[in-house]
Structures are given as C-alpha cells and as structure tokens.
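Right, one structure below, let's go through it.
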Amino acid sequence: MKKHLLFLGPPGAGKGTQAAYLSEANSYLHLSTGELLRKEIDLDTYLGKQVKDIMNKGELVSDQLVLEIVNKNLSKDNKGWILDGYPRNLSQVNSLNEVLMNINQPLEIVFYLDVPDEVLIKRLLLRGRKDDNEETIKTRLKIYKETTEPLIEYYKNLSLLEYINADGDLKTISNDIKQKMA
C-alpha cells in the first residue's frame with residue numbers, strides 16, 4: 001500500500017475530508033496547509049495576522065512560509081503522510097521534491113479530486129468558514145486554475161496522477177481512493 005500521498009483539487013473538492021479519513025484509518029500524518037495556517041490565525045500570532053490578511057483577500061500564502069511549515073512536519077516520525085493543499089504551483093513542487101529527496105520519502109501517488117465549479121461554490125458556501133464568501137471563492141478558483149492546474153499535467157507525466165470523481169458521496173469517493181492506493 002502506498003504511504004506517501006498528495007491530494008490535489010480545487011477548494012471545496014473534499015481534499016481535507018478524504019485526507020483526514022485516510023490518515024485516521026492508516027495512522028498517517030495528515031498535513032493540511034490550510035489547517036496549519038488557520039491554527040496560526042487562531043493563535044493570533046504575528047504570523048497568523050499576516051496569514052489572515054492574505055487569506056481574507058483570497059490570495060495564496062508565500063511559498064517559503066508554507067514550505068517551512070511542511071518541512072518541519074514531514075521530518076517528524078511517521079508511518080506515512082498525506083499532503084493536502086500543498087504544493088500549489090510548480091515552484092512549490094520543485095521545493096517539495098528537494099525536501100522529499102533529503103528525507104528519503106518520495107511521493108508515491110497523487111490523487112486529483114475533480115468537481116464541477118458550481119458544486120464547489122455551493123459546498124464552500126455551505127461549510128461557513130469566515131474566509132468563504134462568494135467573491136473570495138471565485139477569486140480562489142481563478143487563482144487555482146492559473147497556478148495549481150498545471151500540476152495535474154506535471155504529475156500525469158510522472159505517472160503519479162490518479163483521477164478521482166469527487167462529485168459524489170463520501171463513501172464512494174473513499175472506496176475509489178483506497179482501491180487506487182493498493
């Protein structure tokens with residue numbers, strides 16, 4: 001079974017939900033950059049205040065900041081890990097590849113959770129996070145299409161990419177992912 005996983009997909013695709021389920025079922029480390037950043041905001045640290053301002057505008061947090069957080073967490077002892085929401089652009093992919101090479105834990109599979117935009121907007125509005133309003137959501141989807149979608153082709157070319165139809169019920173999606181992990 002593969003144990004070094006990455007979840008790609010637009011905001012609201014269910015990356016966090018599926019990653020949390022799999023990490024609990026397999027005792028894997030779940031690295032959600034969104035959750036790590038929100039934790040900084042909740043603690044109201046200097047860094048958290050900067051992150052909050054950036055996220056409220058629907059913009060992405062700097063590559064260097066996110067890489068530091070990810071590197072620190074990947075270095076912990078673990079049975080496996082799931083990256084959720086990182087990397088988001090090709091520059092981050094290159095930085096992540098260096099980190100993974102240094103810790104000798106290569107990425108084994110990338111799941112792309114595919115969901116239509118209208119479903120994403122509805123899901124995001126329903127989850128009720130402070131940073132989820134329609135204008136911010138549309139900005140985030142636009143940024144995603146510009147910066148993150150090229151990663152799909154990158155990982156496809158490395159034969160690491162697995163498409164997941166994530167416009168369905170949680171159990172069906174989870175079963176599809178588990179079958180492809182074997």
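Cβ coordinates come from backbone N, Cα and C, glycine included.
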Which one, Gly48, Gly168, is listed by Swiss-Prot in the same ATP site as Gly12, Ala13, Gly14, Lys15, Gly16, Thr17, Arg127?
Gly168
Need the matching range: Swiss-Prot marks region 'NMP' on one of 32-61, 62-91, and I'd like to know which.
32-61
Which of the binding-site residues Glu59, Val61, Tyr86, Arg88, Arg129 has its Cα closest in space to the Cα of Lys15 (ATP binding site)?
Tyr86
What is the total of other Cβ atoms whose distance to the Cβ of Tyr86 (AMP binding site) is within 10 Å?
24
Distant-in-sequence Cβ neighbours of Arg129 (AMP binding site), under 8 Å, six or more positions away:
none
